[in-house]
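As recorded in TrEMBL:
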- 148: active site, nucleophile (ACT_SITE)
- 176, 177, 178, 179, 198, 199, 200, 201: substrate binding site (BINDING)
């Protein structure tokens, strides 16, 4: 069942994604990362936020779950725990990419906070309703979707797990914490399903999105895809987000209310699928 953490760790090392190396920058030009992980059968979880030197935040979240008496560590306490556990640490500059330095400059010039910007989405689906002076590929920056990374897994015994990792929002205030490290918001796993979310963190937090999928399965008797569709439609208000999920029956589901979300699926029998658009 360790595969979900390994998959996220690999994405954290790729500067293309908004997690680990390549994380979005704070208003001060630094990186503050966050991650969480949850083991469904035992409802064990670990979460971290405010990380500035830990190379792979998801690995530290797993250690919080397995090696500490707590569920959540943040900022200097999390950094201290990382060093106690021998987790690999690097200078903050390691996480900062040239692309993100440029995007932070644009964000500051426009006096705005940006979601990630690499997937072009339709104005009718993801525009905040305000014209943006920032343009990429002919589209306003504000209509580009987030790239938080996550993984959900289910094994042959129906045990589900989930993990999520992110750098947050470009030009965010220092100290801001999003949905990704919050169990029940950005990440959740139980005996029914595993869920990982991406999108507007504040909206995901208000809707307790990941937990809601499990809740409507349990209390309304919905199947996995129906539960995902219900939550995306009914729990986000005007927020934009997406999620991936698996059930204890081996079902795979996803949902989002923008035009696109990077996602992939692989099974033990060799089936593989990668998609972006609806």
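Placed from the backbone N, Cα and C atoms, the Cβ positions cover glycine too.
Automatic, uncurated: that is what TrEMBL annotation is.
Features per TrEMBL, on structure.
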| residue | record | DSSP class |
| --- | --- | --- |
| 148 | active site, nucleophile | coil |
| 176 | substrate binding site | coil |
| 198 | substrate binding site | strand |
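Applying an 8 A CB threshold to same-chain residues 6+ apart, the list for residue 179 (substrate binding site) reads 185, 186, 197, 201, 202, 204, 205, 209.
In the set 176, 177, 178, none of the binding-site residues has a C-alpha within 10 Å of the C-alpha of the residue listed as 'active site, nucleophile'. Sorting the recorded positions 148, 176, 200 by the number of other Cβ atoms within 10 Å puts 148 first.
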